[in-house]
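Heads up: the structure comes next, in structure tokens.
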Amino acid sequence: TEPGNHTLLSGFVLSGLSKHSELQHLLFFTFCFIYITTIIGNLLIFMVTVHPSLRMPRYFFLQVLSFLDILTASMFVLKMLVNLLSEDRSISYMGCAMQLYCVIFLGATECYILAAMAYNRCVAICNPLRYAVIMNSRVCLSLVLLSCCSGNVVFVVQTAWVFALPFCGPRKINYFCDIPPLIMLSCTETSLYEKQIIIATALVIFTPFCLILVSYACVISSILKISSAEGRHKTFSTCSSHLIVVTLYCASVTLIYLQPTAGYSQDTKKFMPLTYTAITLLLKHLIYSLRNKEVKEVLIR
């Protein structure tokens, strides 16, 4: 496209998951099951963790995480289900901007919440006598608000430069608005913007991940000092579910945003975001509920 000959786009068209119409209903029922299971699972976790016996900081953070997962599933998976059965898959320019806001804000906030949960585990295991004083309700609420503010700052910066790009040509994108598919619609050179994605991903993913690693290095050091093998196993098992979720979430997001745009086929580019919009959301609440003895006991009661 020649400079000065750009087309002003009033909206975009979501391309959907598959070009084969016979697969639309199968995909709809598959992801409908995932969505319903995710919502019910996170609602159960949310309701169980407000039980008086579970009024502890770790479960407060779990409540926040479940609430973020419900918002994420409702924003992305529900929209995808509507598109699977709808002939009109268009989305307005402002609607795409709002969807991108939710992608960045919810994702960045969740990363920092996972870091706050790791810090909470570190204090609980490394400094148990002062745990109630250090992790009081004011500190927990401050960590959640700080996570939300950090996610909002990332949103403002990222969304501003993405929608400052000139869009032209075919206006089809994958089943929701995200930075990589929007950059591919740009009429200008995007190598600089792709580098900015890497920097932003490093700040949003690797900064909390490094904090998590430091926290669990302290946790492992304290666990090794426990003389009883049973005590070491019990203490480590309380941290394993969080480590699994952190690894699953950070690895899936890193694969999407740090992979060059030319590295995947079009079908792969469509299905890779499902690892953190649908499948990861489904697995997270199962991991937290099935591996947590206290949650299972309250749920049974």
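Even glycines carry a Cβ here, placed using N, Cα and C.
Over in TrEMBL, the protein carries these features:
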DOMAIN    41-288  domain 'G-protein coupled receptors family 1 profile'
TRANSMEM  26-47  transmembrane segment
TRANSMEM  59-78  transmembrane segment
TRANSMEM  98-119  transmembrane segment
TRANSMEM  139-164  transmembrane segment
TRANSMEM  197-224  transmembrane segment
TRANSMEM  236-259  transmembrane segment
TRANSMEM  271-290  transmembrane segment
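Taking every listed stretch (26-47, 59-78, 139-164, 197-224) in turn, the largest tally of C-beta pairs under 8 A with the transmembrane segment (98-119) is reached by 139-164. Outside the transmembrane segment (197-224), and at least 6 residues removed from its termini, the chain residues within Cβ reach (under 8 Å) are 107-108, 111-112, 114-115, 118-119, 121-122, 125-126, 154, 157-158, 179-180, 183, 232, 235-236, 239, 243, 246, 250, 253-254, 257-258.
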